[in-house]
Amino acid sequence: LHVGRGLYYGSYMYFETWNIGILLLFAVMATAFMGYVLPWGQMSFWGATVITNLLSAIPYIGTNLVEWIWGGFSVDKATLTRFFAFHFILPFIVAALAGVHLLFLHETGSNNPSGLNSDTDKIPFHPYYTIKDILGALIMITVLSSLVLFSPDMLGDPDNYIPANPLNTPPHIKPEWYFLFAYAILRSIPNKLGGVLALVLSILILAVI
């Protein structure tokens, strides 16, 4: 939604703000993927195996890079430990990038669909938008906390409650809804390297708009 709004408002004309936002998108996706692996169920294990194996398509260094990420010759406890560490560190990187993103946004100001910059209809950020943002954040935190504390199983994949077993491959390995776009790209291209390039370019294309 935020990226779509940015495209509609022409925010890509603010080079620094837009590109920091793209880095932020990559960091959030990495955080979500690392967190998805942590339950260590069947879908987590095989999701980690499939996605990390995509890196082996990189010429010359692919295999060594995958084994370095795994911490061995396959996805194992060493991989889980590393992903846990990355999942802990990445939110701090996301917070730092968000701070830089807001700093650039404060310098340039927001855009609008017409592309016209006029001071006529502007209002102060504080207290109007401060109150609006705090209220939105409180509502989101309340909803997410309620889900986590009272219905933690509601959004989970049933197959992920089966403990990870490297000897038993699930019939359908599919990601959560927020990675379905990546899943569709990878499935539509039979070549592994081509699929990886298409996936990366599907996000990097935002940088060349």
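For all residues, glycine too, the Cβ spot is worked out from N, Cα and C.
Record features (TrEMBL):
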DOMAIN    1-114  domain 'Cytochrome b/b6 N-terminal region profile'
DOMAIN    115-209  domain 'Cytochrome b/b6 C-terminal region profile'
TRANSMEM  20-38  transmembrane segment
TRANSMEM  45-63  transmembrane segment
TRANSMEM  83-105  transmembrane segment
TRANSMEM  134-151  transmembrane segment
TRANSMEM  177-208  transmembrane segment
Per Cβ pairs under 8 Å, the stretch of 20-38, 83-105, 134-151, 177-208 packing most closely against the transmembrane segment (45-63): 177-208
Same-chain residue ranges lying at least 6 outside the transmembrane segment (177-208) that approach it to Cβ under 8 Å: 3, 12, 18-19, 22, 25-26, 29, 32-33, 54-59
DSSP residue counts for the domain 'Cytochrome b/b6 C-terminal region profile' (115-209), split into helix, strand and coil: 59 helix, 1 strand, 35 coil
